[in-house]
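My questions will all concern the structure given below.
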C-alpha cells in the first residue's frame, strides 16, 4: 500500500468516525426532544440520518477494506447486498435533501399555510415516495446482475463486466444519475432560489425601516449607528451563505463521483484508480457533513444537545456526591462506636 492508498484509508477512517458521532448525536436529539419530533422536517432528517448511519456501518468499512486489500473485501453475496445498499442510500440521501429544501420553501414562501400544507402525514408520504423512487434502481440492477465490486472505486456498487451489455448499462446508469443527482439538484436550486428571493425582499423591508429610524434619531451615538449598519449587512449575507452551503456541499460531495461515473461509461481514456476512490470518499463525506448542515447548527438541536449534556453531567455530579456521602458516613461510624 503506497502513500496515496494510506492517505485515502486515513480519509475514510476520519469520515467514518465523524459520521458515526455526528449522526448518532442527531439521532439522540430526535429521541430526546419531543418538540423536534412533532415537526414535519424531523421525518426527513430521521430518514437522512438513518441512511447515513447505515452507509457508515456497512459501505464505508467495506470500501476501506477494499482500499487496504486492493481486492474485493467480501464474498459475492455480501458484496451484492452492499452494492444494493450503496445505490439505494445514495439516491435516498439526494432525494431526502430535495425533500428538506421543499419543506423550507413551503415554510418561507407560504408561512401562514405551512402547517396545513406540510403535516406529518404529508411528510410521511414524501418519505415513502423517496424510498420507492430510490429502491427502483438497485432492484433493477439486482435483477440484471449489475451489482458487484468495482475496482476503480474499491467499492461494492453498480458495475457490469460484460462488454455486450455496455450500452444498456450506460443508459441505465445515466438514467439513475439523472433521476437522483440531477433531479435533486434542480429541486434544490429552484426551492432555495425562491427562499433567497423572499429573504432578500424581507431584508429590504427591514433595511428601509432601519434607515428611516436612523434618520429620525438625530441624537443617536455614531457607534450605535455603525452597529445597526453592520447588522444590516450581516442580515443580507446570512441567507446567501446558508443557501450557498446547502447547494455547495451537495455539488462538492456528489458531483465528482457522478461525473467520474459518466466519463467512465462514455470515454475510452483510462481513469486513475486513486481519483476513483477519492471521488467515492467525497460522496461518503456527505454523510459526515449532513448533520452539521441540516441539523446540529440549528437552535433547536443545539438546545437539545445542551439539555443532554446537562443531564449527563448532573447525573455524574449526583453520583459523585452520593459516593462522597457514603465514604463520609463510613468514616464517621467507627468514631461513634
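Positions of Cβ are set from backbone N, Cα and C atoms, glycine also.
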Under Swiss-Prot's topological domain names, is residue 112 on the same membrane side as residue 310?
yes
Counting CB pairs under 8 Å, which listed stretch among 11-31, 48-68, 82-102, 169-189 touches the transmembrane segment (277-297) the most?
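By Cβ pairs under 8 Å, 11-31 leads among 11-31, 48-68, 82-102, 169-189.
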Can you find at least 3 Cβ pairs under 8 Å between the transmembrane segment (82-102) and the transmembrane segment (11-31), where each pair is 6 or more residues apart in sequence?
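Stretch pair does not touch.
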For a quick check of packing: other C-beta atoms within 10 Å of the C-beta of residue 79 (disulfide bond), how many?
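Result for residue 79 (disulfide bond): 22 other Cβ atoms within 10 Å.
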Cβ under 8 Å to the topological domain 'Cytoplasmic' (32-47), counting only same-chain residues 6 or more beyond its ends: which ones?
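That would be 26, 92, 96, 99-100, 103-104, 118-120, 122-124, 126-127, 130, 294-295, 300-301, 303-304, 307-308.
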Including all protein chains shown, what's the count of other C-beta atoms within 10 A of the C-beta of residue 156 (disulfide bond)?
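For residue 156 (disulfide bond), the count of other Cβ atoms within 10 Å is 29.
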